[in-house]
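The next block holds one structure in the form of structure tokens; read it before the comments.
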Amino acid sequence: MTSATLLSSATMPPEMPPGASAVTTRSRQRAYLRTTVIFDTFALGFAVLVGYFARFGSDDPRGSDISYVIIAPTLVLIWLLSLRAMRGYDDRVLGYGADEYRRVMAASLRLAGGVAIAGYIADVGVSRGFLGISFAVGTVGLVVARFAARKQLHRARARGTGWARQVLVVGDTPHVLELVHTLRREPHAGYQVVGACIPDALLAPVPQRLGDVPVVGSLRGVAEAAIASGADTVAVTASSELTATRLRRLGWQLEGTDIDLVLAPALTDVAGPRIHTTPVAGLPLIHVEAPEFRGARKIIKGFVDRAAALAALTLALPILAVLALAIKLDSRGPVIFRQIRVGQGGLEFGVYKFRTMVTNADALLAELTARNETDGLMFKMRDDPRVTRVGKFLRKWSLDELPQLANVLFGHMSLVGPRPPLPSEVARYDGDVARRLLVKPGMTGLWQVSGRSDLTWEDGIRLDLYYVENWSLAADLTILWKTFGAVINSRGAY
């Protein structure tokens with residue numbers, strides 16, 4: 001074999017036509033990109049209109065030779081080009097993760113700074129008020145537009161018509177199965193597994209399947225299998241056969257195929273801000289920062305919690321009074337239900353709720369245990385006979401939890417955190433579950449915005465532990481925002 005042949009076999013991608021699914025994926029990807037650009041254009045157009053009318057009203061600006069009929073659309077065009085330059089339309093960030101929003105805001109801030117400097121140097125007579133308002137409204141508008149486009153994409157993916165990456169999973173069988181399970185756990189993320197390559201695929205005389213995932217090749221023919229299966233992403237997980245040299249050659253073979261190569265480490269449920277890559281002698285080392293359970297951010301979080309709880313309690317007093325009266329008129333018993341829960345560090349406290357059940361609810365629990373509709377340590381029934389008429393209304397709209405604002409004010413709870421567990425649950429904790437107690441429990445959390453009572457025990461624990469390990473003030477704001485949507489839609493509320 002000549003050296004040219006060796007070079008060709010080691011580095012050149014196989015010449016195979018893309019599968020039909022790859023063509024469909026690219027078509028849907030382009031459609032979503034067009035949708036995003038349209039949403040961005042409308043947001044920016046609205047921003048410059050607001051900037052103009054807020055600064056000049058309905059009259060033409062006087063004392064200026066500049067035509068805002070030209071300035072406004074030019075600013076929109078430059079803004080869109082700035083988004084492109086900052087890779088705000090990169091398919092690696094479109095529709096998923098916080099990096100898309102960060103790039104949008106970074107592009108807007110840099111453009112605003114550049115326009116300000118250019119205007120000062122060139123002494124252009126464009127109204128500072130117009131520019132300031134346009135950039136402020138436009139930056140917020142872009143974030144809202146991207147959020148709206150993303151929600152539309154999520155709905156399309158739920159119907160099976162949205163753009164999603166076609167993933168070929170490569171590695172040892174146990175790790176492949178684990179990665180497939182992880183990718184399918186969040187279908188809105190848009191990673192659709194189309195096949196797998198495993199070490200022992202060549203040993204079988206007939207095609208194999210891992211569950212419902214077809215085995216399309218061995219580790220010796222990953223590039224060919226990726227093209228034949230219509231994959232646009234090869235996700236490599238752990239395998240003793242995939243050495244550094246073979247991974248490098250796989251990257252060479254995928255050159256020019258528009259197929260991305262991604263590595264899936266065994267590390268899961270760690271947020272991006274805690275992960276940093278450090279190249280050492282050509283080896284990318286992944287540095288994982290320890291979770292933060294104390295320090296300035298915790299102090300700020302505690303201050304914001306109490307200030308927000310005090311303000312919310314003050315504003316909600318009339319509503320609380322009406323709800324209390326309705327509970328009293330509907331059934332006998334106290335208005336407020338106090339239950340012992342376990343908080344940070346294993347300390348017990350009394351959590352306050354509006355009473356939604358009959359007074360002998362605990363006595364009736366033993367009779368209903370066999371009808372439990374969830375697994376794990378929690379008891380949930382969609383049509384619990386112990387719930388009163390007013391209680392059903394309160395639970396549907398999560399109004400029964402409003403008294404917990406007092407718990408936040410007293411420092412027992414946080415606005416956002418893990419679900420506060422019962423002492424009986426904590427007594428049966430094993431393994432890593434006790435890490436939920438490293439932070440204060442919350443009135444809302446990832447469990448609240450991800451399905452609430454519809455979640456399995458394992459999913460609820462996974463979400464709580466993810467929050468404990470990766471909490472941030474920005475994440476808290478996002479969860480609070482999503483909570484409003486979950487409450488309005490009554491998802492998992494019973």
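Each residue, glycine too, has its Cβ placed from N, Cα and C.
Note that the coordinates shown come from a computational prediction; the quantities given were computed from them, not determined experimentally.
Pulled from TrEMBL:
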type     : residues : note
COMPBIAS : 1-11     : compositional bias 'Polar residues'
DOMAIN   : 301-488  : domain 'Bacterial sugar transferase'
REGION   : 1-23     : region 'Disordered'
TRANSMEM : 31-54    : transmembrane segment
TRANSMEM : 66-83    : transmembrane segment
TRANSMEM : 104-122  : transmembrane segment
TRANSMEM : 128-149  : transmembrane segment
TRANSMEM : 307-327  : transmembrane segment
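Within the chain, the transmembrane segment (104-122) has long-range Cβ neighbours (under 8 A, six or more residues past its boundaries) at 75, 78-79, 82-83, 85-86, 88, 128, 131, 135, 138-139, 142-143, 146. In the predicted model, the domain 'Bacterial sugar transferase' (301-488) shows an average pLDDT of 87. Cβ atoms under 8 Å from those of the transmembrane segment (31-54) belong to residues 68, 72-73, 75-76, 79-80, 83, 89, 91, 94-95, 129-135, 137-138, 141-142, 144-146, 148-149, 152-153, 162-163 of the same chain, restricted to positions at least 6 beyond its ends.
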